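Visitor: For reference, Swiss-Prot lists these features for the protein:
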- Leu29, Gly30, Thr31, Gly32, Ala33, Phe34, Ser35, Glu36, Val37, Lys52: ATP binding site (BINDING)
- Lys113: SUMO2 cross-link (CROSSLNK)
- 23-279: domain 'Protein kinase' (DOMAIN)
- Ser122: phosphoserine (MOD_RES)
- Thr180: phosphothreonine (MOD_RES)
- 279-319: region 'Autoinhibitory domain' (REGION)
- 363-385: region 'Disordered' (REGION)
- 318-324: motif 'Nuclear export signal' (MOTIF)
Amino acid sequence: MARENGESSSSWKKQAEDIKKIFEFKETLGTGAFSEVVLAEEKATGKLFAVKCIPKKALKGKESSIENEIAVLRKIKHENIVALEDIYESPNHLYLVMQLVSGGELFDRIVEKGFYTEKDASTLIRQVLDAVYYLHRMGIVHRDLKPENLLYYSQDEESKIMISDFGLSKMEGKGDVMSTACGTPGYVAPEVLAQKPYSKAVDCWSIGVIAYILLCGYPPFYDENDSKLFEQILKAEYEFDSPYWDDISDSAKDFIRNLMEKDPNKRYTCEQAARHPWIAGDTALSKNIHESVSAQIRKNFAKSKWRQAFNATAVVRHMRRLQLGSSLDSSNASVSSNLSLASQKDCLAPSTLCSFLSSSSGVAGVGAERRPRPTTVTTGHTGSK
């Protein structure tokens, strides 16, 4: 393994000839092409963890991606971010000991609730903003924020939300800009699709998209044709469709507009968004919008297909949904000058740690069951042009 800031990898990897002397492996949570995840109890403490077991033979030629992921995860200590607790190395395996989260995925919780309001959505987004603001202060850009990467810590009704999946994360360099076109198209910022250098502002755009979905249950951008989809995003063309947005506050819409601002220089930062009245004040409404939102989530995010199209890291319902190690061959997005997805394999090398740390990988809309946006009279609200 390479060095991080001059630090030898041997200094942060613990040697373990037999990992089972340290952990009792309870059950397999998931398997993939390159790794296995097990529910494990640390013998010395009795604590439960999700241990990701990666054969070294699967890492050959992919060391740099592993190092990038670990470099990111090792820096992060935040209550709303899934933590890397430890790293062990045996002669044949690398073991990543991750914080165990068992509360399930965001969409599942919303659908299962009988009551859901703007205030609930505001509370969720506030936690995301706090976590992403922390990342940005650390010089880390997530680059792939989406609902599927938001997990509940526990089954408790008041459980906090957790951000997972740092397979596309990047440490900002001195120039504070990046240029690799990657992420999930439905959530990616216009400047990324335009192949322009970009910064942490891309995460703020994604938070705006997430907020949009949390309030209506469907994505702001949709088209059967990928080029047209990308054109919508490039122009920041989205609407607050009636009747789905009729009962949503103007404050919520203003919050979204400021995050889904085409110009990254005008776009809200996490700090600015956290001060918006919809987050920091009392403008988020308490009206129950569960019926409409949950119906749209069921319609637009069908599990059987949707989950195949995203990187996700989750221990859900009996801690059995986590699957790791799916190949990225079908998921690495590269946006060409004509906004085609024809070269999906070219964006990120298959060595990207999503291959090892996340579940079925892919790109929104590619291989997923696409469903049309509601065909109704629109309110006339659009994003900045």
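The backbone N, Cα and C atoms fix where each Cβ goes, glycine too.
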Visitor: Whole-number answer please: how many Å between the C-alpha atoms of Val37 (ATP binding site) and Ser122 (phosphoserine)?
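Guide: Spelling it out, the Cα of Val37 (ATP binding site) and the Cα of Ser122 (phosphoserine) are 33 Å apart.
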Visitor: Taking all residues of the motif 'Nuclear export signal' (318-324) together, what is their mean pLDDT?
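Guide: Within the motif 'Nuclear export signal' (318-324), the model's average pLDDT equals 36.
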Visitor: According to DSSP, which of helix, strand or coil covers the residue listed as 'SUMO2 cross-link'?
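Guide: SS state of the residue listed as 'SUMO2 cross-link' = coil.
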Visitor: Please list residues from the chain of Lys113 (SUMO2 cross-link) whose Cβ is under 8 angstroms from its Cβ, counting only those at least six apart in sequence.
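Guide: Looking at Cβ-Cβ distances below 8 Å from Lys113 (SUMO2 cross-link), excluding near sequence neighbours, one finds Asp120, His290, Ser294.
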Visitor: Quick one: of Ser35, Ser122, which of the recorded positions has the smallest count of other CB atoms within 10 A?
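Guide: Fewest other Cβ atoms within 10 Å, among the recorded positions Ser35, Ser122, is found for Ser35.
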Visitor: Looking only at DSSP and grouping its letters into three states, which state does Ser35 (ATP binding site) belong to?
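Guide: Coil, per DSSP.
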Visitor: With every protein chain in view, how many other Cβ atoms are within 10 Å of the Cβ of Val37 (ATP binding site)?
Guide: 26
Visitor: Using all protein chains shown, find which of the binding-site residues Leu29, Thr31 scores highest when you count other CB atoms within 10 A of its CB.
Guide: Leu29
Visitor: Rank aside, I only need the closest one: which of the binding-site residues Leu29, Thr31, Ser35 has its C-alpha nearest to that of Ser122 (phosphoserine)?
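Guide: Nearest by Cα distance to Ser122 (phosphoserine): Leu29.
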